[in-house]
Number of protein chains: 2
Amino acid sequence: MKAVGVIVEYNPFHNGHLYHLQQAREQTQADVVIAVMSGNFLQRGEPAIVDKWARAAMALAGGADLVVELPVLFSVQPADYFAKGGISLLQGLKCEAICFGTESGTAEDYELFAKRWHANNKHLQQVFQEEKNDGSTYAAQMSHVIEKITADLTIDVHSPNTILGLAYAKENARYLEPMQLVPIQRRGAQYHDHTIASGSFASATAIRKALRNKKSELSELEEVLPLSSIRELEQHVEVDWQSFWPLLKYQILVQSPEQLREIYQMTEGIEYRLKQKVLNADSFSAFVSEVKTKRFSWVRLQRLCVYILLQLKENEVKKALSEPPIAHLLGFNKRGQAYLSEKKKSFSVPLLTRIHQKNNELWYSDIKAGRIYALANEKIREQDYGRVPIQK
Amino acid sequence: MKAVGVIVEYNPFHNGHLYHLQQAREQTQADVVIAVMSGNFLQRGEPAIVDKWARAAMALAGGADLVVELPVLFSVQPADYFAKGGISLLQGLKCEAICFGTESGTAEDYELFAKRWHANNKHLQQVFQEEKNDGSTYAAQMSHVIEKITADLTIDVHSPNTILGLAYAKENARYLEPMQLVPIQRRGAQYHDHTIASGSFASATAIRKALRNKKSELSELEEVLPLSSIRELEQHVEVDWQSFWPLLKYQILVQSPEQLREIYQMTEGIEYRLKQKVLNADSFSAFVSEVKTKRFSWVRLQRLCVYILLQLKENEVKKALSEPPIAHLLGFNKRGQAYLSEKKKSFSVPLLTRIHQKNNELWYSDIKAGRIYALANEKIREQDYGRVPIQK
């Protein structure tokens, strides 16, 4: 059986994602679509709107055959580490192709970019280092570096999905047998769109905004969300950063600057600014607005806040990032099950199907993340221990 | 001017406390009554029902001339360290007598006890060590040891106020110029009474219970509380352990057993039991009930929970306990002010009248405790930084 992989967040799963999965299957003629999905905390440093099980169910209903979790230490990361984790899992699960949404660029563009990157690696790192010292954000630095080697390609390096695509290409090219790259042009909405335009495509950002604004009228979202997503959203409590604000504020107040400095990515003395600004902030967004600087963008701060909330220490994260991630199975359908039967033995990644006393150390940070996520609302169940994959 | 000292919590200040202060002045013929009062976290491991400023105001209205704060590292402690901190402050502020409420015993009894204790110190420590190994609680061990040297005295070592009185006597006897001991027999209610009987005395426990049960009818408490206490209670948000339950639960969940083990008094592997029981507990009291064992009494666990909530580490607390506490002035009246003018230069303890950038390191744990206390309700103001003593 041939598998194509996608790296996703589904926050929530919408018609754009449905189209993406259909195209992945169609364009690669794969038998199985494997989704590697962020768990309860996402790439941009946000808690997921509904838990990973609800989002895995949406994914299965929307066409994924196998849903595997991207561990939190890889999911709440800039593009590079996020891609490293995702590609490593897809490679480990023996996918032959990776399909990703993008605003620009052909497969050839992405391949060329990856080749140039690796050919010029040392030179690029030097350029990157120079950029680093000029005080701009990581994303801006990365864009500048990438621009230098993509000037002749049809790639717009300023859109978030393209940046992720480039990171996938770069990471994929490290492997002896790289997967086929299948970029899909995104339809309708752009990543950052804040309103739901007419038509059947809207960005997840716009959908979340609509959900928050008119919680009672989920039905109005029927145009842009599959029915299965609406059903899952109806059944689950919606979570956002504000749910964790009292806990974050408490943690920043109770820890000394020295203790905060042990947290992953707590650099440049930002701990003092956090402790100073948290005192009078009355909401999460007011807090981030107050702390924000040129060097510390909103997204960078959101990620830092996840690291604080989950108490992820520098040494713990660095160690985890130096090893390949483990695959935690969230769900599958019959095709996914057949694929598992056929290929499981050839997988080069450990596959956790159930977290229990004997394997929980392998999943330590994620069990912790799940339990903290569940504090947002008492209706949220234990996320890992004793849970079994969804069978559709 | 002659000063008598009292060591108190005033949670809240009631008619029994009023009587105590009157007796202190009358029996010692002192010009000034100095109250050393626990701040926002109390001896039995509880947050105070209203903040230290409201309670200092009640104390001044009820007859105290000077109110000084007992630092949190000394206040949330078993009798011995609580007494060590309190006596040290009263000695440093040059009190000539200490007056304490008790259920039994004369001044002579307390003096005799202290003498015997220090005469037999090595022997007693050995007995104590033997007791320690038989699996009973600290309080029970202490009672047994004390019983052995008080059998012929009229002291009932089983009541909490007597245990505190004995600890004061023991600690006071260490000084070159011990203060005169003035035990006052408590009137009306007993420490642990849970109901307000008719008459004008009720225990603080019963008053807090009544306050929680019928918040709207403060006037019913007029019989047992001075009007000034009622007024302060009306103006302030009432805090209890449940206010901090989400924060405590979060902290126990997010920390590893190794991290929890750094907390002061986290011994005998109790961290594993805490992490296990916190998962399904839905309130603070349900949690403590579940964790409770023969070795870990309710009060011992409450204190441990304060240490966790405030993230007080073993090394930090031990260091602080090895040094004399600092006096933070909460309030004074004209008599108190006159006493300060006359005696300030002879004080053997540093007196903080205002916390600011230059002295805040001396008050670090207490600033932290105040900020965490304030998380219980947004109406609670910053407790230390920039606050000035109440002048009555």
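All residue numbers here begin at 1 and follow the chain in the order shown.
Glycine too: its Cβ is placed from the backbone N, Cα and C atoms.
Under the heading ATP binding site, TrEMBL lists B:7-20, B:G101, B:N161, B:R186. Listed in sequence order, B:A35, B:V36, B:M37, B:L70, B:F82, B:A83, B:G86, B:I87, B:L90, B:I98, B:F100, B:L164, B:Y168 are the same-chain residues at least 6 apart in sequence whose CB falls under 8 Å from the CB of B:I7 (ATP binding site).
Fewest Cβ neighbours within 10 Å among the binding-site residues B:Y10, B:F13, B:Y19: that distinction goes to B:Y19. Its Cβ placed at the centre, B:G16 (ATP binding site) has 21 other Cβ atoms within 10 Å. Cβ neighbour count for B:N161 (ATP binding site) (all protein chains, 10 Å cutoff from its Cβ): 20.
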